[in-house]
Amino acid sequence: MPKHLPADSVGIVEQHSLHFDEPLPLDCGRSLPAYDLVYETYGELNAERSNAILICHALSGSHHAAGYHSEEDRKPGWWEACVGPGKPIDTDRFYVVCCNNLGGCHGSTGPSSINPETHRPYGPDFPLVTVRDWVHSQARLADALGIERWAAVVGGSLGGMQAIQWAIDYPDRLGHVVAIAVAPRLSAQNIGFNEVARQAILTDPEFHGGRYYEHHTVPRRGLALARMLGHITYLSDDAMRDKFGRDLRADGGRYKFNFDVEFEVESYLRYQGRSFVDRFDANTYLLMTKVLDYFDPAAEYDHDLSAALAHVQARFLLISFSSDWRFPPERSREIVRALEDNQKPISYLEVETSQGHDAFLKPIPVYTEAFRAYMQGIAREVGA
């Protein structure tokens, strides 16, 4: 952490935890009899309780969206670019909540948690959950925090899918949806990427059928490979060319003619894989990819997205990025058209950038200024 915190940082933050004893029915037909949700908050809830914002995290995210946990922290929260005083999600005006979703590995109940029935980690016995399950658990968190209505539910990628599901399932409990770099469902190609990632983990000899905790080991190679594959899909060809090109690491630009790391891009991907293993759980990664695969709100409406969104009451802001080939702009435009079919209020921005899918995490001026302007409008609307 820098010696002096930036003026636009929320600073040192604390995580909180709530325990829920009421069983949570799940889409898979099972239920969680009890569970914990870990979350962080930034800013102050106003007297009218009208300025609350829910941030939903993506696959590898957590409740730690902004700020630092201690002075020893090397990096701030995952959305530091957009959350803080004067930033798009302005913590001088909004009360911001971000929770680690069920099935996660950062404190909320998930595969690495102890199963009260067996007194061992859940591992593969943890139920597969859906975006809708997450939204229902988040609604219970809102109840516990005394928040009847969110000023907005905001998220990028998988987080944006949760925001859309909120508008469908709880239309009267949010004023706005901000969904960034999102899609109404995964394509066959995206499901294919997820399956390759899962196979990398499932076939690692150290996976042990998901019970690697009991073997005091971790499927490091499989999880690292899954992350390397995922990371390629989060970048664009242009971004990788600009960052790495065909640069070699050493040896005066000469090939080694072996399978050691030679290209800078190889070194980068291996580093991303190794560092990810130290902060993420393989069973959670498997679960998160399935959550993505299963998201398809139109499926219950004869695959008619317009019908799925017919009863939403929230206003929408959708933002896509030109070089995002994982969830390209056309996928956001599908949602725009479905909302327009229902004469719902919608704002849409397509940002020209070479940053790929991960652009939603970056401080790209056109993106952050549009995001900030929209959120300022919400602040005025709720008197924040």
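Along the chain as shown, the residues are counted starting at 1.
Placed from the backbone N, Cα and C atoms, the Cβ positions cover glycine too.
Taken from Swiss-Prot as is:
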{"type": "ACT_SITE", "residues": "Ser157", "note": "active site, nucleophile"}
{"type": "ACT_SITE", "residues": "Asp324", "note": "active site"}
{"type": "ACT_SITE", "residues": "His357", "note": "active site"}
{"type": "BINDING", "residues": "Arg227, Asp358", "note": "substrate binding site"}
{"type": "DOMAIN", "residues": "51-361", "note": "domain 'AB hydrolase-1'"}
{"type": "SITE", "residues": "Arg326", "note": "site 'Important for acyl-CoA specificity'"}
Cβ-based isolation winner (fewest other Cβ atoms within 10 Å) among the recorded positions Asp324, Asp358: Asp358
Mean per-residue pLDDT computed across the domain 'AB hydrolase-1' (51-361): 97
Cβ neighbours of His357 (active site) where a neighbour is any other Cβ within 10 Å: 24
Cα distance (Å, whole number) from His357 (active site) to the residue listed as 'active site, nucleophile': 8
From Arg227, His357, Asp358: recorded positions whose CA lies within 10 A of Asp324 (active site): His357, Asp358
Close in space, distant in sequence - Arg326 (site 'Important for acyl-CoA specificity'), Cβ under 8 Å, 6 or more apart: Ala181, Asn190, Thr233, Tyr234, Gly356, His357
Long-range Cβ environment of Arg227 (substrate binding site), under 8 Å and at least 6 residues apart: Ser60, Gln272, Gly273, Phe276, Val277, Phe280, Tyr285
